[in-house]
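K.L.:
This is the feature table in TrEMBL:
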type: TRANSMEM; residues: A:12-36; note: transmembrane segment
type: TRANSMEM; residues: A:68-94; note: transmembrane segment
type: DOMAIN; residues: A:69-283; note: domain 'ABC transmembrane type-1'
type: TRANSMEM; residues: A:106-129; note: transmembrane segment
type: TRANSMEM; residues: A:135-152; note: transmembrane segment
type: TRANSMEM; residues: A:202-222; note: transmembrane segment
type: TRANSMEM; residues: A:262-283; note: transmembrane segment
Amino acid sequence: MHKSRKQLYYHAMMFPGMVCLFIFSFVPMFGIIMAFQNYIPAKGIFKSRWVNWDNFKFIFTIPDSKQIFINTIIIALGKMILGIIIPVSFALLLNEIRKKVFKKTVQTIVYLPHFLSWVVLATVVQYIFSYDGPINAMLSSFHISPIMFMGSNKWFRPIMILTESWKEFGYGSIIYLAALTGIDPGLYEAASIDGANRWKRLIHITIPGILPIILIMTTMSLPNILNAGFDQIFNLYNPLVYQSGDIIDTYVYRVGMLQRQYSLATAIGLIKSVIGAILIATANKLVTTFSDRTMF
Amino acid sequence: MKRNIFKKFIVITTTICLTVSLFTGCSNKKDDTKDVAGKNSVSESKSKDPWELARTTPYEPYPEEVQYTIGMQVNASVAYPKGSSDNAENNGYTRLYKNKLNIQNKNAFEAVDGDDYNQKVSMAITTGKIPDIMSVDYKTLKELIENDMIEDLTDSYKNCASDLMKKIYASNDNKSLKMATFDKKLYAIPVTSISAGQEMLWLRGDWMDKLNLKEPKTIEDIEHILQEFVTKDPGNNGAGKTIGLALNPDIYYGGYAQAYQANNIFTYFGACPKQWIEKDNKAVYGSVQPEMKQGLQVLSDWYKKGLIDPQVAIRKYDDITALVSSGQCGALFCGWWAPYALESSYTLNNNVDWRAYIVPAGSDGKVTMFAGNPNQMYKVVRKGYKHPEVLVKAVNISLDYNQGTSSYTDTSDIAKEYLDYVNHAYGVDPIGGFDYYNAASLAYEHISEAIDGKRDPKDMIMYENTLYQSCKKYLDAVKKGKKADSTDWLNYNARMVSSKLMHDTPVNIIQPVFFDQTPSMPLMWSTLEKMEKETMLKILTNEKSVDYFDTFVDKWMKAGGEQITKEVNDALK
């Protein structure tokens with residue numbers, strides 16, 4: 001009794017936050033109804049006609065829906081994998097640096113791109129990969145004829161994945177750097193007395209030390225498998241690379257915003273959420289089975 | 001214990017404060033219009049005559065102030081007069097309407113650009129609270145009529161439209177009004193489009209002179225000139241740096257004569273990209289007709305020969321303008337207003353000399369163009385608004401000052417201030433007007449006659465007068481051998497040089513038959529459009545051969561094109 005009364009204050013303090021959550025996260029969920037209607041703004045949710053699964057059926061009859069899903073998954077998966085490998089290795093490398101000034105400077109510099117929006121960076125990327133840009137200038141010095149990177153279906157996906165990883169790896173490495181400081185220095189001391197060299201220490205102390213964090217980060221990024229990065233692709237793609245670069249979000253933008261087909265856009269969004277939810281549940285299960293940790 | 005109560009007090013008050021502030025943030029604003037309408041109805045019963053008079057005559061002011069709410073697109077960078085407290089609800093425009101008709105706007109929402117505006121309109125419709133007056137596109141107009149959300153304006157137009165308004169609509173055979181009429185009822189005051197005139201090939205004349213090139217007439221001539229530009233580098237850009245024809249990645253986007261397309265290359269072969277045209281008594285979609293192949297053949301050949309920007313796929317509108325301004329590119333297709341896009345090239349380089357040619361002409365010696373949608377937007381009035389004629393009467397005023405002669409005859413302070421706004425603070429007019437279908441041709445006639453001394457400069461509309469002054473300044477500067485101001489250069493080239501060409505050159509006009517949407521279009525069109533863009537760009541850049549066009553047509557038909565074509569034909573019956 002005494003305990004629950006004490007907790008009452010905390011519950012009361014949480015109340016405004018819960019109200020916010022309810023208004024901004026739960027209430028909009030009723031909009032999902034639109035996915036099962038032929039939603040007409042003038043009629044509103046209550047008067048629009050019900051169409052059951054028609055919107056979902058339509059999604060799979062669109063000739064390039066397969067293409068769009070494949071593009072999304074490939075680009076998102078690539079970004080996820082590099083989004084773990086690069087920050088982790090960067091954090092490990094940075095951890096080995098002794099000079100504090102140098103370490104901090106490098107850290108700050110690599111954070112910077114994270115704070116720039118893709119609208120700005122798109123111009124930079126487009127220039128770097130353009131016909132008269134630095135990459136093609138380099139290639140021509142090796143007598144390779146210029147390549148139109150941004151208009152080539154072969155190059156578009158790798159460029160999307162690489163530039164996104166470049167933009168985010170600095171910021172992504174923060175959490176690993178934090179995890180590294182949490183490893184007991186005594187372990188390193190003991191290991192070096194036992195004659196372990198740097199490499200051995202890395203393999204046997206550092207990596208096992210941050211493995212739980214890596215696992216959790218991987219799991220948490222799994223639901224993003226259908227988020228290939230709208231800002232980036234929308235600003236960089238063109239009709240020539242629709243074939244390899246048109247993703248779910250850009251498609252939803254063209255249908256939902258430009259053609260104002262709210263029902264169809266909601267249906268696609270719902271599919272995305274459901275797949276994301278299933279993935280996060282499975283991933284959580286996997287983590288619990290293979291290690292003694294759990295996310296929730 | 002005491003401490004505990006204090007703690008409790010703090011927690012409870014903060015919680016309440018936060019929660020209350022949350023809810024008040026969400027609550028609705030009070031509906032202002034209701035009060036006004038109520039007040040009006042009282043006075044109406046007292047003295048019916050002045051209200052009735054105001055309701056049925058074009059220019060009669062209301063006996064008491066009438067308020068209307070409006071959804072308004074506002075120019076975000078508008079420069080209000082220094083020291084004034086003007087804003088989008090109270091400025092030179094609104095004071096003229098108030099002064100002339102005793103009407104006052106209250107802004108239900110303001111938006112800075114078209115996308116933003118459309119979103120806010122959608123929002124307003126979704127919530128069921130649309131402003132008394134707003135502008136919408138055709139699709140929304142139909143939606144509003146279907147759901148009985150807007151007023152029938154037939155009587156308001158019949159009673160209150162000025163002769164000038166009727167004259168402007170008549171300049172395009174009343175097509176505008178017909179499109180806004182459903183079941184013999186007029187539901188909107190349409191905002192007309194101005195005829196684009198012919199698409200012209202704009203070439204750097206100074207480069208042509210340097211290379212001794214003759215003016216182009218045929219497709220081969222154009223190709224020859226582009227070839228010379230690219231290989232001989234008349235602009236000293238360095239070898240391989242000159243770009244032939246400036247083209248946007250969509251090649252064409254439906255609006256004839258807008259910058260950086262190549263519609264004339266298609267219409268030369270009888271194709272009308274992106275238009276629903278009549279063929280063998282049936283409506284067909286222009287982009288999938290076999291005639292397109294010949295145009296694509298020409299353009300993809302040019303691309304292969306390096307006569308079209310090799311990076312066409314990734315260029316955006318501004319990139320292309322930058323290429324043209326910097327002198328890296330000396331050829332583009334655009335309507336008579338190209339100097340607006342080319343102004344910076346003149347600012348950067350005094351010797352730049354753009355020349356326009358209406359080419360390539362068909363066997364009858366004429367270029368073929370297709371006409372655009374007669375209307376840009378539709379102004380509508382909310383169902384249940386007490387004074388629907390306010391819209392018509394306010395448009396009358398706008399037209400009188402802009403397309404009529406009131407700006408000369410009215411010398412009051414209000415009018416002066418209004419004109420200041422029109423010339424220097426454009427974009428905060430809640431109502432606004434529209435122009436003659438052939439406004440550009442008319443402007444050329446009036447200005448050139450005034451320059452020749454055959455017309456009184458006051459016998460033209462205010463905007464034309466401004467242009468006339470500017471053209472005269474340009475001629476004076478040239479006479480004195482000085483560099484003319486870039487605005488004057490622009491106005492002279494657009495209004496006197498290319499407008500003359502447009503005015504004097506006969507043209508074949510194809511009338512597209514369908515500007516509406518069919519039931520399947522909203523769902524299927526974006527897929528079809530994507531397919532079209534992708535195919536055209538791939539054929540242009542030689543990634544696919546021209547024969548791939550047939551495969552595209554086949555796929556297009558199967559993916560919904562056939563059904564939509566059928567729907568279009570049904571709608572036209």
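Cβ atoms are placed via backbone N, Cα and C, with glycine included.
Are these features on the surface or tucked inside, and what are their neighbours?
P.N.:
Counting only same-chain residues 6+ beyond the ends of the transmembrane segment (A:68-94), those with a CB under 8 A from a CB of the stretch are 103, 106-107, 110, 157-158, 160-162, 164-165, 168-170, 172-173, 176-177, 180, 202, 206-207, 210, 214, 217-218, 221-222, 224-229, 233, 244-249, 251.
Within the same chain, residues 90, 94, 97, 135-136, 149-150, 155, 159, 163, 166-171, 173-174, 177, 229, 231-232, 234-236 sit at least 6 positions outside the transmembrane segment (A:106-129) and bring their C-beta atoms closer than 8 Å to a C-beta of that stretch.
With a cut-off of 8 Å between Cβ atoms, the residues of this chain six or more beyond the transmembrane segment (A:202-222) that come close are 80, 83-84, 88, 91-92, 95, 175-176, 179-180, 182-183, 187-188, 191, 196, 279-280, 283-284, 286-287, 291, 293, 295.
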K.L.:
Using a Cβ-Cβ cut-off of under 8 Å, list the residues of the same chain that are 6+ residues beyond the ends of the transmembrane segment (A:262-283) and lie near it.
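P.N.:
Contacts with the transmembrane segment (A:262-283): 31-32, 34-35, 37-39, 41, 51, 55-56, 58-59, 218-220, 222-227, 248, 251-252, 255-256, 295.
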